[in-house]
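Notes follow the structure.
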């Protein structure tokens, strides 16, 4: 009843036909999927059997820690909070869903809040908007990453067994403790922490400096494949332009069953838009 979009009719080789149509859509991450129903109809127009595939589970459990460079060279800070706001609003945050914590570093490291501090998207967004830049004349990126690994991803602070750990590192300069970076990244690899690294080129552009060494360092922080885990933006204002791509790549980590999958779009099935009959089986889509 009331099916006006996507209705499919397919002839049954044994007589009669199959009629399909979508029922309703449900959201999983940033994407929407439609379930539907198909009915076998006899040559005398009697319904023989109805088939309605069950809705697949939408997996959105991730433990995400955002590691923010808050040193003096980040400017304006409002662009960082705008980036956080845009990224967080598209996450389904909760104790049984995605959890988010934020660490800020410069010369020292501060936990702004832990994975289990807040339990709704609104609470996390409000807390992120209240974060103030702590400053510092040095950029201790290795220290920031290692502190997040050691302290933020603990069960006491909300990390869950069996849930994918994700770290998002945002920085605008080469680290002053880069001699420790490889050791710290190796530890993250050992603990299966997926890392997305974002290089902000603003301070280099303002100072007319080469970005080559900086970009190479941030690429070394990102998980493999690098092209899926590394981003660079021209300045702080441009951070919001990568939110959609970053969000989709983060969500794909849990939503895809294949660890090497690059996209979530083909992972969830739909029914009601198409059908194909063979002698012994029916394919729905």
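Cβ coordinates come from backbone N, Cα and C, glycine included.
Here Swiss-Prot flags 66-279 as domain 'VWFA'.
For 2 (among others), the entry in Swiss-Prot reads N-linked glycosylation site.
Sequence-distant neighbours of residue 40 (N-linked glycosylation site) (same chain, 6+ apart, CB under 8 A from its CB) are 12, 16, 18, 47, 48, 49, 50, 51. Under the heading N-linked glycosylation site, Swiss-Prot lists 40 (among others).
In the three-state DSSP assignment, the secondary structure recorded for residue 208 (N-linked glycosylation site) is coil. Swiss-Prot lists 208 (among others) with the feature N-linked glycosylation site.
Annotation comment: Swiss-Prot describes 232 (among others) as N-linked glycosylation site, evidence class sequence analysis. For residue 232 (N-linked glycosylation site), the same-chain residues 6+ apart in sequence whose C-beta sits under 8 angstroms from its C-beta are 198, 199, 200, 201, 211, 215, 218.
Per Swiss-Prot, the feature topological domain 'Extracellular' maps to 1-285; the stated evidence is sequence analysis.
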